[in-house]
Amino acid sequence: METSSELNNLKNSSVKSNTPSHKSSDTLLHGISPERLSDGPDFNHQKSSKDEGKFDQQLSHEEPKGLIPPKDDSKASQILEEKPAIPIKDPNLVTWDSANDPKNPKNWSMKRKWAALTIVACFTIVSPITSSMIAPALSHISADFRIKSAVQSQLTLSIFVLAQAIGPLCLGPLSETYGRTIVLQFSNLFFVVWNLGCGFAQTPAQLMVCRFFSGLGGSAPLAIGGGMLSDCFLPEQRGRAVSIYSLGPLLGPAIGPILGGFISQNTSWRWCFHATTIFAALVQFCGFFFLQETYAPRLLELKRDQLRKETGNQELHTVFDNCDRTVVTVIQTALKRPFKLLGTQPIVQVLACYTAYLFGLMYLMLSTFPILWVDRYGMSISSGSLNYLSIGIGFFVGTQLTSPLIDALYCRLKFRNNGIARPEFRVPMLIPGSLLIPVGLFWYGWSAQARMHWIMPNFGAAIFSAGMVMAFQCANGYLIDSYTRYAASAIAAATVLRSLAGFGFPLFAPAMYKSLEFGWGNSVLGFIAIGLGVPAPFMLWKFGEKLRSLSRFAAG
């Protein structure tokens with residue numbers, strides 16, 4: 001190992017021969033092969049648990065600088081596990097100025113991080129509110145457009161969610177290529193235009209087309225938000241951030257019908273779309289001025305381009321560059337990634353299927369509330385829509401319980417594991433969530449079947465939604481921790497199945513409740529929730545680390 005004086009001499013000699021004026025650094029690149037640089041550095045080769053904590057800490061700061069990578073991956077792993085590599089400086093490598101570089105989003109102040117999170121959360125809640133806001137107004141829409149089929153009426157609601165299954169496949173990976181902010185801004189603008197068109201639709205076909213394309217644009221925050229959290233927050237800070245971010249997809253569908261019920265009864269169903277368009281435009285205005293880029297590879301690319309312009313040195317590069325990459329190959333690789341994750345990663349498959357089922361249950365419950373409260377309990381549309389508050393209350397209570405506990409448990413388990421973090425430390429809170437979900441379904445179904453006091457079905461719905469938000473936040477946190485650099489693609493893959501379930505479940509709800517009624521209908525759904533949800537946390541705890549070690553996408 002060289003002495004500090006020798007390292008200083010090496011550094012000084014390299015600086016003198018370097019054209020760029022930017023600061024350089026000597027942080028190590030741990031065993032990155034040239035082949036893996038073709039799609040960005042793959043930090044996921046197998047490593048010992050002894051080195052894992054240090055390695056993940058270095059990755060969290062995005063600090064790889066200046067080590068000439070070995071050509072053999074096996075040698076790279078051996079270097080990582082046995083001894084530190086020798087720092088050999090690449091004078092043309094552009095990276096962070098230091099481990100504490102304030103331009104690195106992970107080094108931002110907590111105030112700045114939470115400001116970014118707040119804006120992203122506002123983007124995220126617009127689309128879910130829009131998806132369910134017309135639920136209480138479906139009867140008015142059907143009357144205006146002379147829609148007689150119950151399935152076609154439900155399709156007006158569900159087609160928006162179908163679009164949210166398609167959009168993330170493109171938008172999530174594109175954010176990992178061109179940056180989070182530009183994709184998010186353009187997608188929201190796309191949503192504003194088509195959602196405005198929904199309010200002026202004159203035929204059912206026009207309404208469905210506009211709903212579909214507005215759903216495509218509105219899906220961007222659902223796919224990109226998780227990646228932005230991974231960009232900014234360290235694992236021990238991420239639980240509370242995920243809790244706030246996850247409120248949008250969950251709380252939005254509960255708030256939407258309440259607003260839609262009062263709007264449609266007192267004005268027109270068209271103002272459901274006008275109101276959300278105005279809100280989305282305000283969020284767009286705030287995001288345009290205050291939302292900053294968080295994706296580290298994109299930030300380093302911008303720094304590289306600026307230094308090339310200032311110095312004239314076209315040899316400057318980042319660790320994410322590859323001379324063989326073109327725009328077409330970048331897009332092809334990015335768009336294939338969610339399919340690869342969904343098709344090859346058991347972790348993504350398990351959590352995507354489980355959260356898809358929960359999301360489908362939520363939309364099934366939302367779509368059948370008008371049947372229960374208006375037809376069965378004889379309430380008006382506006383007063384019946386107030387029952388959606390029970391779902392919102394459940395989400396709020398579940399979030400307040402989960403947010404502090406998930407980070408506290410994570411830090412405690414990390415401490416007991418000699419300071420080495422694991423994504424599996426998100427799993428314990430999944431257990432109470434997976435148990436509350438079937439309890440809520442049984443309570444809701446049988447109290448509605450017996451036409452008990454209106455508070456009883458609402459209490460069951462609140463229990464269900466509290467359990468759902470617990471499970472949802474744990475699943476999202478686990479995916480983000482497991483696929484840090486590709487978090488947006490992992491969330492996009494899960495969002496695909498989730499949105500397909502949200503689209504499909506309401507379509508069979510009327511027929512199911514007509515045959516089984518509320519009691520046995522919800523009991524069947526509850527038994528399926530037990531079969532899917534109860535084994536999941538134990539499987540992830542026991543096999544999660546092994547599955548991640550076999551993956552070239554997972555973080556460790």
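In case you wondered, yes, glycine gets a Cβ from its N, Cα and C as well.
All TrEMBL annotations are machine predictions without curation.
According to TrEMBL, the feature compositional bias 'Low complexity' maps to 1-19. TrEMBL lists 36-74 with the feature compositional bias 'Basic and acidic residues'. Per TrEMBL, domain 'Major facilitator superfamily (MFS) profile' is recorded for 116-548. Under the heading region 'Disordered', TrEMBL lists 1-74. According to TrEMBL, the feature transmembrane segment maps to 114-135, 155-174, 186-205, 211-230, 242-262, 268-291, 346-366, 386-406, 427-446, 458-479, 486-508, 520-541.
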The transmembrane segment (268-291) in contact with the transmembrane segment (458-479), cutoff 8 A, at least 3 CB pairs, sep 6+: no
Chain residues outside the transmembrane segment (211-230) and at least six past its termini with a C-beta under 8 angstroms from it: 116-117, 120-121, 123-124, 126-127, 130-131, 156, 159-168, 171-172, 175-176, 180, 183-184, 187-195, 197-198, 238, 241-242, 245, 248-249, 294-295, 476, 479-480, 484-485, 487-488, 490-492, 495, 499
Same-chain residues at least 6 beyond the ends of the transmembrane segment (486-508) whose Cβ lies under 8 Å from its Cβ atoms: 131, 151, 154-155, 157-159, 161-166, 168-169, 171-173, 175-176, 180, 219, 222-227, 229-230, 334, 337-339, 341-342, 345, 348, 351-353, 355-357, 359-364, 366-368, 475-476, 479-480, 553
Two-stretch contact, the transmembrane segment (186-205) and the transmembrane segment (242-262), at least three Cβ pairs under 8 Å: no
Best-contacting stretch, by C-beta pairs under 8 Å, relative to the transmembrane segment (114-135) and drawn from 346-366, 386-406, 427-446, 458-479, 520-541: 346-366
When counting Cβ pairs under 8 Å to the transmembrane segment (458-479), the leader among 242-262, 346-366, 386-406, 427-446, 520-541: 427-446
The transmembrane segment (242-262) vs the transmembrane segment (386-406): 3 or more CB pairs under 8 Å: yes
Folded-back contacts onto the transmembrane segment (346-366), same chain, C-beta under 8 angstroms, at least six residues removed: 132, 135, 158, 161, 249-250, 253-254, 257, 388, 391, 437, 441, 444, 461, 464-465, 468, 471-472, 475-476, 478-479, 482-483, 490, 493-494, 496-506, 509, 525, 528-529, 532-533, 536, 539-540, 544, 547-548, 551, 554
Long-range Cβ neighbours of the transmembrane segment (427-446) (under 8 Å; 6 or more residues past either end): 358, 361, 365, 394, 398, 402, 405-406, 409, 413, 456-457, 459-475, 478, 518-523, 525-527, 529-530, 533-534, 536-537, 540-541, 544
Whole-number mean of pLDDT values that fall within the domain 'Major facilitator superfamily (MFS) profile' (116-548): 87
